[in-house]
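What TrEMBL lists as domain 'Heme-copper oxidase subunit III family profile' is 5-243. Residues or ranges marked as transmembrane segment by TrEMBL: 43-61, 87-111, 161-182, 188-207, 219-241.
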Amino acid sequence: MIESQRHSYHLVDPSPWPISGSLGALATTIGGVMYMHSFQGGATLLSLGLIFLLYTMFVWWRDVLCESTLEGHHTKAVQLGPRYGSILFIVSEVMFLFAFLGFFSFFFGTYGRDRRYLPPKWIGVLDPWEISLLNTPILPSSGVVVTWAHHAIHAGKEKRAVYALVATVSLALFYGSTFFLATGFHGLYVIIGTLFLIVCGIRQYLGHLTKKHHVGFEAAAWYWHFVDVVQLFPFVSIYWWGGI
């Protein structure tokens with residue numbers, strides 16, 4: 001099928017999953033509003049919408065993995081799209097982060113010494129040199145390990161890549177279970193990145209990732225490096241500077 005084409009791009013077959021995903025999102029939204037306003041059946045509709053969304057995500061990703069791994073449709077030209085998309089997504093997340101940190105810096109620098117804008121005195125301030133400092137090196141360490149996994153994939157050492165990914169996920173879970181998730185979106189980044197790496201670890205164990213075909217892992221590694229660097233900013237700005 002691929003040899004009969006005169007180009008290296010993949011023309012996607014018709015799929016029902018965009019429609020089912022839209023219906024699941026619609027049911028989730030309406031059910032969520034009904035549930036929050038105590039309408040009868042809101043919880044049921046919300047649950048069904050979420051289940052439908054999760055099912056759509058699973059079967060849609062299953063089809064994409066089948067197209068790329070078994071059918072071989074993801075050529076080098078096709079892989080450029082996901083690579084550029086991953087980079088642009090990470091750049092947008094960086095801008096999102098700096099918007100929050102910029103507002104925090106402006107507000108704290110302008111009103112930080114005004115007692116009207118400070119929390120009550122009985123709320124204790126976290127000591128940045130205790131758990132916050134001890135947990136900060138964990139994510140950069142996991143970034144080193146995920147780079148080890150990347151090099152192992154390039155070298156064709158499948159078992160070593162699996163071990164490295166298991167070590168990365170272990171550090172991620174250890175970080176998420178001990179660090180204060182009061183940094184909000186950074187906690188969400190850690191959860192998403194951990195799930196991303198778990199999926200890559202399973203795919204590596206199943207032999208999906210090769211030296212020339214591992215775009216999904218590259219996206220996960222880039223995202224995890226972004227999470228590593230992000231950790232330094234909340235520590236310096238919120239835990240250290242904000243606690244002075």
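Cβ coordinates are placed from backbone N, Cα and C, and glycine is handled just like the others.
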Please give the sequence-distant neighbours of the transmembrane segment (188-207): residues at least 6 beyond its ends with Cβ less than 8 Å from one of its Cβ atoms.
-> 65, 93, 139, 146, 149, 153, 158, 161-162, 165-166, 168-169, 172-173, 175-176, 179, 216-217, 219-220, 223-224, 226-227, 230
Averaging pLDDT over all residues of the domain 'Heme-copper oxidase subunit III family profile' (5-243) gives 81
